[in-house]
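Novice: Quick one: the structure is below, and I'll ask about it shortly.
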């Protein structure tokens, strides 16, 4: 990546401070002892000066030695590193970080070690210094606000070419904390020098040291108080929204804005038409405006309007009849307070200064009003709006207000001015007129502009600074027709869109189709950049790129040539294009190996998100989340709703599934304690379930076309109630009732599946699945069956009311070979049965594979049968069969391999997702699709041992002759890279105990499980006298291989007549 000019100086200062601190901890911990040398040599070591001068002279010598090394290292870095780096060289940054980072680190570490060594033992001082030093580069930068990290990694300390230092006051306060504290410790450390009294001077130093420590604490208080003040203000603004917001609100039809800037002050005039789309009158008009902008005038025509204001909320005391409109004229101005941005974030998220990187903290800025740059987005509420850019109570409840904007920028001080819409320059005025849009942004900066053709009628306008000159030098002579051809034939499809897709997005204007890329200061964080669709809502047609493409995992070392034809720069351009347009992936930049992975990288959606902005948006007063839900439903992959991982295990997304149990969707979305990312994932999961509900009664293809036509063709707001009426009439369904059941579901139910059997007829190629299914819970749910190949996968769904039982039969046409099908490897077949949202774990079932006779398959016809059956028909069972599962009360395990520590302090094992998760010396539960069970299906496994640990099944049986069956599995307990087979030579050792007898059975799994990895195996026939019977499985492994899993699932007792 192209580094900022300050990147190399900062890394150099940090690494030197780190190394210097390690040496200082060792040297200065022995410093007092070396100064205070008593004994027979005192007469020889008499000095003609006092302790104070001797003390400070020794410290000065050590300090000058370190500074000499520091300057030498700095000189080498300038000569060597900058000779091969594209980062611009600026000497001032080296001097800045020397004064603010290296020297305060030296003063603090030296003072701390001298002070500690003077009052405690050298060993204790050395230990304390090492622990703080290790915490300084491993933990402290990421705790709190990084205040206790004396290396200042956790405090934004970068320089931007566009706005200067991004956090100068807070950074200097942070450095003064450690500078004053270090001085205080050095002065207090003087008190232990006792060879020459100098008590008066030492007393003065003692009091000066206390004053310095108090000054350091004062800086600490001021720094932390600034964070506290921000929290209080943001909480007040959030409470103001909660008090005044109502989904029954007005809309803004059109909005004419006149903007003038003077340094960091804005003067703005607005003329807006406010419209009431409701069927009832509004008693007052609630609008939103940045709290830093003060209203100077608000009137309707010649009449001044009264209003009250609470933070960002402006309540205009004026009624608005139903279906009526009102023209408001505003005059307001002041400084933009960007703390209003991202009000939906928690305090912890908002104060997090690391964004996809754990070494270069950028902080968070949402707006800039500077003489060299003006950057305003709807997120900072720089103009009055009827709806906030993001609902602070729940961002999924955000409402889009489609408005026709007109913007006039008066006498801009920057050379380039950019906004949505057509640009018209008229002397000192720059005017923009846009089509309907949910928001408008303005960007003005002293940068250069470049234009590239993305399509025959679509262009990319780039407004970039210094790093743009590098790109221009490399790509400026590339053949433009070749570039345009590549974009049309390959480039646009790389971001997942057909070249003509841009014509259907909201921001596209005939004759003015363009995507705008603007360079922003490194500390600018677009609102809600982490996920869709929030990030595309506030910047229609415009995306932001950090200066110098900072944090991009794009290496520009190849950008040193002068390419004249496209083929010469193919790879370099593709790397650049993929990073800017596809994902803008970031990577950690920590200079120490291993620490760059501490903070997981995120994806900063870039130009591809502007192609996702729909032309229409559904609005529902009853279900505020319906806009996001239907947009997600439109974009979801209709052929593959669920991944194999989701179906088989519920692994990575387990927290999402668990989050949905016992709570409705609206309760989850309104829960402040949940992470916003988890809420969004929960909505995405629920949207998949909504598709299942709908396609039970409506044809998939027809409904998908209808949804696309509404959101991709209709322009502006679409009323949900009107939409439901149309859908109900077209497909004779009750959409509103369906949606109510869907969003109110708490998913506390679970399904029980019986007699699931799969058949395959090789002559006709037909696959059949029969199963009995019952909903065992108190709420309804969807049960689904997957069918088809990987490329043509489909899903059939059935709704089960509480306690309802059904017979399901699915027949599909396939073409797989018989042997492959019996091995479970066919590509055209019936897949998993699954209860996507339920308490079942895992959520899928497979069933038994059986052959069928030609006579049986002769009457088969492809189709799906779903028939309700009685409870008696479902519950009928063989009275001569008793089954004990590992989840039943009759099952217990004994862990005799546990260490003393495991027995005393070990936690109860939790369910594993897969067996091959690592060795275990005790029995651990594992989810498994093929295992027995009820709501939870799985088994217990343990590493192969010496027979000391056991699993026992107990059951009380009447007297009789029984055949005992056990469910067995072959598997490893440890993952071997590249090995997908199963272990061989595995023997399970069972003991059947009844009456006063014990019969041992050795079960060779190689002989019993031929070509398969699991199944029911008989232990033999036994005459039980009546009473308790126990079956015991030991962990004994014949080869004592700890990588082999010994698995305990279920035992079945069948009485023979």
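Using the three backbone atoms N, Cα and C, a Cβ is placed for every residue, glycine included.
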Novice: Which one of these stretches, 93-116, 237-260, shows up in TrEMBL as transmembrane segment?
Specialist: 93-116
Novice: Look up transmembrane segment in TrEMBL and report which of 203-223, 266-286 it refers to.
Specialist: 203-223
Novice: Between 172-191, 292-311, which stretch does TrEMBL give the note transmembrane segment?
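Specialist: Transmembrane segment, as annotated by TrEMBL, spans 172-191.
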Novice: Please work out the helix, strand and coil residue numbers for the domain 'Golvesin/Xly CBD-like' (938-1055) from the DSSP assignment.
Specialist: 4 helix, 73 strand, 41 coil
Novice: For the transmembrane segment (203-223), give me same-chain residues lying six or more residues beyond its boundaries with a C-beta closer than 8 angstroms to one of its C-beta atoms, as numbers and ranges.
Specialist: 52, 145, 147, 170, 173-174, 176-181, 183-188, 190-191
Novice: Which value does the mean pLDDT take for the domain 'Golvesin/Xly CBD-like' (938-1055) in this predicted structure?
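Specialist: Mean per-residue confidence for the domain 'Golvesin/Xly CBD-like' (938-1055): 92 out of 100.
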Novice: Counting Cβ pairs closer than 8 Å, which of 12-32, 53-81, 123-143, 172-191 has the most of them with the transmembrane segment (93-116)?
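Specialist: Per the Cβ count, the answer is 172-191.
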Novice: Which bits of the chain, at least 6 residues beyond where the transmembrane segment (123-143) starts or stops, bring a Cβ under 8 A of a Cβ in it?
Specialist: 18, 21-22, 25-26, 29, 109, 112-113, 116-117, 149-151, 153-154, 354, 358, 361, 592, 595, 598-599
Novice: Who are the chain neighbours of the transmembrane segment (12-32) in space, where the CB to CB distance is under 8 Å and they lie at least 6 residues beyond its ends?
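Specialist: Distal contacts: 58, 62, 66, 69-70, 73-74, 77, 81, 94, 97-98, 101-102, 105-106, 109-110, 113-114, 116-118, 122, 125-126, 129-130, 133, 136-137, 151, 153, 189, 192-193, 359, 591.
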